[in-house]
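Asker: Shown below is the structure under consideration.
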Amino acid sequence: PLSHPGQEFPILEKQNWLIHLHYIRKDYEACKAVIKEQLQETQGLCEYAIYVQALIFRLEGNIQESLELFQTCAVLSPQCADNLKQVARSLFLLGKHKAATEVYNEAAKLNQKDWEICHNLGVCYIYLKQFSKAQEQLHNALHLNRHDLTYIMLGKIHLLEGDLDKAIEIYKKAVEFSPENTELLTTLGLLYLQLGIYQKAFEHLGNALTYDPTNYKAILAAGSMMQTHGDFDVALTKYRVVACAVPESPPLWNNIGMCFFGKKKYVAAISCLKRANYLAPFDWKILYNLGLVHLTMQQYASAFHFLSAAINLQPKMGELYMLLAVALTNLEDPENAKRAYAEAIRLDKCNPLVNLNYAVLLYNQGEKKGALAQYQEMEKKVNLLKDSSSLEFDSEMIEMAQKLGAALQVGEALVWTKPVKDTKSKHRTTSASKAGGFQQPLGSNQALGQAMSSAAAHRKLPSGAGGVSQLPKPPSLPLEPEPTTEAHPTEASAQIREK
């Protein structure tokens, strides 16, 4: 060191190399010791020492303290865009998105061609729900430098706006640019799955699994597709791999439970679904499935409990009220069952099963006129579905409708304008009715309602390029926010229909 008693000004930057070395080796204690010494020697004027101290504070979770130090750096060197970027990032991490955009815009004036500033501005605008500004900034970022993370954020805007087609376009471009990115492949596969384009969904999910055989979301989505097609054993084999990696995933246990349900192993199904419910007590789909399995096992009080809980969380779904009515019928409470059916009919205008089950209840109660009205409503819905859909009805429902039609016809000596065989039209649904008295029991154990499963946990975006590239400063990073609270289609929501 060139220090002697006559030296007035210490060399401000002399220890920078050592600070840098300790920082990139992640030896933070030694780094802090050198910084302290350097700042004492320079009366707190060494900008690099303050900057690295602020980075260490941020790593330790002291965001506010790191913000104050970065602001000090910005005062010491007002023309340095890096300092402003770090101030803006700290504001973003504190949730002050508007203030962060202002600082990023200041930094943009100092450096017009910085991909990271454009990308981060776009992310801030997403949080402020200014989607058009966000798109503009993200497109600017892509012109400067193509990054996977920018494509992901741009796709996310289209998803938040509910435009799946545009999102797919963005993710397709992203996959062309980065064909081995499993995050992009999985997201694209899930979007195709949501649109019902199963071939392309399987292709992209398969590619993701080729590059990363333990990819949690891809396995869950591929498993749920197999489950939909009745390959329960293959799906369970896939889920076994995931269970080791993420044993705390509610959708995983939900799907495993519904695999067991499909295999008619009801006790195992309830055990897995209870675990899913413990991990995610406010997921209505898990409660729905628990209600379904308990109905199948003829445990009607338990079914009522879980279906009521599901209705509290999802009050606009007609099918839940129908299943609740089935439970109430078997708990010998026909008045409340009728109320539940009325609500189901009000909410669900196209499912003929609701009217069929209601007609059965009314017939059993001796209200043949009401039963006939519901039967005719069911026929109308069946005819509409027959014209507009290529799916097939469940054979049980057809059989039940024919029995009820015959009984009503004999009872009332009516001539039908439409033959009962209309119910054999091309739409498949599943029957969920058990009522005492008439053709005991209605519906069967294997097909109670549309068993849905939500197959994805929270998204985690891939981490940006970290580390320190060169002196004098480690770069700031592109922002990677956690997903916002809006429902997000990249969560693989796989609907499982039981055969």
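Every residue, even glycine, has its Cβ placed from backbone N, Cα and C.
According to TrEMBL, the repeat 'TPR' annotation covers 148-181, 182-215, 284-317. Per TrEMBL, the feature region 'Disordered' maps to 421-499. Taken from TrEMBL, the feature compositional bias 'Polar residues' covers 441-453. Positions annotated as compositional bias 'Pro residues' by TrEMBL: 472-481. As annotated by TrEMBL, compositional bias 'Low complexity' applies to 482-499.
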Asker: Would you list the DSSP helix, strand and coil counts for the residues of the repeat 'TPR' (182-215)?
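Answerer: Taking the repeat 'TPR' (182-215) as a whole: 27 helix, 0 strand, 7 coil.
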Asker: Determine how many residues of the repeat 'TPR' (284-317) DSSP places in helix, in strand and in coil.
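Answerer: Across the repeat 'TPR' (284-317), the residues distribute as 27 helix, 0 strand, 7 coil.
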Asker: List the helix, strand and coil residue totals of the repeat 'TPR' (148-181) as derived from DSSP.
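Answerer: Across the repeat 'TPR' (148-181), the residues distribute as 27 helix, 0 strand, 7 coil.
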